[in-house]
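Look at TrEMBL and you will find 1-15 tagged as compositional bias 'Polar residues'. As annotated by TrEMBL, compositional bias 'Basic and acidic residues' applies to 16-27. Positions annotated as region 'Disordered' by TrEMBL: 1-29. What TrEMBL lists as repeat 'TPR' is 418-451, 456-489, 498-531, 540-573, 582-615, 624-657, 666-699, 708-741, 750-783.
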Amino acid sequence: MSSSTGANLTQVSINTKRDSHPQDRRVPQQRSLECFEIIWLDAHIDEKTNDNSNTITQLQCVVNNNLKTFDNPDQCSDYISSIQNQKIFLIVSGSFGQIVVPQVHALTQIELIYVFCFDKAKHEKWTNKYKKIVGAFSDIDSICNKLGEDGNSCTNDLLPFSAISSAEEINKQDPSFMWFQLLVDILLNMKHTDDTKQEMIDLCQERYKDNEEQLEYIREFKTYAPDKAIWWYTRNCFLYGMLNNALRTLDIGTLFKLRFFITDLHDQLKQFHSEFIHSTSIKAMTVYRGQGMSLEELKKFTTGGLLSMNYFMSTSTEKMQALEFVDQAISKSPSNQGILFEMKVDVKTCHKPFHNIQHLSFYPSENEVLFSMGTVFRIHSIQQTGSRSWSIDLKLVAEGDQQLQTLMNHMRKDIGEGSDLFALGDLMLKMGHYNKAQEYYELFLKSLPENHPSIAATYNNMGLVHYNQGNYVEALNYYKKTLEIQLKSLTENHPDIATTYNNVGLVHYNQGNHVEALNYYKKTLEIQLKSLTENHPDIATTYNNMGGVHDNQGNYTKALNYYKKTLEIQLKSLPENHPDIARTYNNMGHVHDNQSNYIEALNYYKKTLEIRLKSLPENHPDIARTYKNLGHVHSNQGNFVEALNYYKNTLEIRLKSLPENHLSIARTYNNMGSVHDNLGNYIEALNYYKKTLEIRLKSLPENHPSIAATYNNMGLVHYNQGSYADALNYYKKTLQIQLKSLPENHPEIATTYNNMGGVHDNQGNFVEALNYYKNTLEIRLKSLPENHLSIARTYNNMGSVHD
């Protein structure tokens, strides 16, 4: 990384750690530890003794029931490894610590480790080797106190940011940046009812039901007034930790319940900010913030890009105070980079309110400037100031900033200008939070009077929720409700009716009802041709959908014709690098691929890739799919080295963008195994098939056909290596699953019988071989056309046995 310009990577959601309040603020343990997973491993954890019970109760109170206990090192280690986006404080007994610490110490999710033991001197001999071990402790009080201190320090680096570059096209920017801005906009503009405050109190009481200290604060909060929002936010109680943990994890449900307090806090900042700018001659000011982050996080910043602070950000007017946090961050972990943010603020043109809350805070002596959540800065420069220290100059984005406004307008086109439950549901739908979207649509529906014009749109979007979840029957029910209202209230050729017909068609398509799907697409097209301009993108979408039906029915000529009509409109009505054009090229490539026109398929897939690399984020799933398609064509052409390169590109993206046990990763491993098998790299092939199997065994039912297919592939590799006994074992596993999961005359069962016959044939077990070939023939005669080549091959195999 250049020390003068910093990194220039893009499209990032950065989960840095927690907000840095000025140095002398006392923060209670409950508040600072909400952002962490606390794990306790001890062989005696479940023993029913008073001492044990009291210890657990004391610790539970400190961490607000955020405690998970284990008495088995292997189970604990496996659980820690499974944690993806959470930092862990691990408490471990001395004896188990010597087993588990070497296994988990290097994991990024492990933040700090505490060894709880009777003999401190004995265990300090080995704990000194591990940098993340805080120390050895012989009593629970000292652990609780240290947890609270460390929670305050570590949480300083845990609160959320999101960043985008200045140069990328809108479609290539990280959508989470824009989503958060819209979420803030919606939450701050929602109307509140008399029940809103009580809903929040009910949630807090449930969340802290076993914590009497916090329950007392919650009871006091019942007398809360809006002019005390800042005072309550800065107080040592439930509000700070609960709100910031919800922002860090993007817990929309909690944020929705806290919306009235979020609005009050923002509005109070806005009120005092307005008074300040009308009473001061100050035009600009500089504030500071010090914290830690990993080098990987730092690389995601780009000079000239935008940085959104996705929380209520605390800063200081004192540079030395911020530098103390930088030093703390560096000393806390050898992997931490210490970051000093120096923020230039134009007082009168900023797009979000801020204020020096010294006289409004629960701690009035603190010289703290608090910014409202979602405040956006432009990164002016990134300078390395030491081996692990950096200075980042930021400038507060002004009201009306062109790039920010363009991004917001782009997102608003999709969800409209509303700031109600319907808009929140739309945003959740866009973000993929389908259960939350459904919940907000249902609440919105309950608030509408009978025959309200928004009811049909709400039903439609509830249908979209279920469609995206694969609940096609439910989706169809909602679309039918939508259609029923539209047919009564709209003109017969209204475009909204066409949209609903299209949605119904999509459901039938995904259910495999291709004839029904085609009928609805025809109804869609009939209305669109009457009500829209001839080159309207929606008409192109309908042609595309009709092409998809014919593609799946094997009517490749018709499919290609519809895709050509789609492309013709898109090239006239969309920008040349629009993702929809890439999708059409992909579909045309797929048709040629199915027809074994590999040169044509390759050309269309290359056009697809060219557009997607220009218009989508670099690790977008559609780019991975295009690489996979190119690999598939090259594999079918026998260009196995080229195929392998494309599959490697596919894997690289999927490992970055998907959970480690995602089935798409398994399919990629399988494809790579197949290529290595064809290249004669049998050891490599077997390794990839083993990786495939590992994921499928974790992610699929035990008798799933894909697991059988993997066993079959592993059997083929052993067969090719001449390891016939191993091959036979894998074929037996294959057959065992297929007989349970497939129809009795399924062609794949015949293939497995054939493979088992081949093994016995090569081992000289000719009677066994003949029996398996007979089983193969019996199924193929029932399931294939009489002149199929597979039947001929089976006769040939039986003949070779008789030779």
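The backbone N, Cα and C atoms fix where each Cβ goes, and this holds for glycine too.
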Residues from the same chain, set at least six apart from the ends of the repeat 'TPR' (498-531), whose C-beta lies under 8 A from its own | 460, 463-464, 467, 470, 472, 475-476, 479-480, 482-483, 486, 492, 538-539, 541-543, 545-546, 548-549, 552-553
Which listed range (418-451, 624-657, 750-783) shows the maximal number of Cβ pairs under 8 Å with respect to the repeat 'TPR' (708-741)?
-> 750-783
So what's near the repeat 'TPR' (624-657) in sequence-distant terms, Cβ-Cβ under 8 Å and 6+ beyond its ends?
-> 582, 586, 589-590, 593, 596, 598, 601-602, 605-606, 608-609, 612, 618, 664-665, 667-669, 671-672, 674-676, 678-679
By Cβ distance under 8 Å, which residues at least 6 away from the ends of the repeat 'TPR' (540-573) in the same chain are close to it?
-> 498, 502, 505-506, 509, 514, 517-518, 521-522, 524-525, 528, 534, 580-581, 583-585, 587-588, 590-591, 594-595
Taking helix as H, G and I and strand as E and B in DSSP, count the residues of the repeat 'TPR' (540-573) in helix, strand and coil.
-> 32 helix, 0 strand, 2 coil
Within the repeat 'TPR' (624-657), residues counted as helix, strand or coil by DSSP = 31 helix, 0 strand, 3 coil
How do the residues of the repeat 'TPR' (498-531) split into helix, strand and coil according to DSSP?
-> 31 helix, 0 strand, 3 coil
Per-state residue totals over the repeat 'TPR' (750-783) - DSSP helix, strand, coil = 32 helix, 0 strand, 2 coil
Per-state residue totals over the repeat 'TPR' (582-615) - DSSP helix, strand, coil = 31 helix, 0 strand, 3 coil
For the repeat 'TPR' (582-615), what's the model's average pLDDT?
-> 95
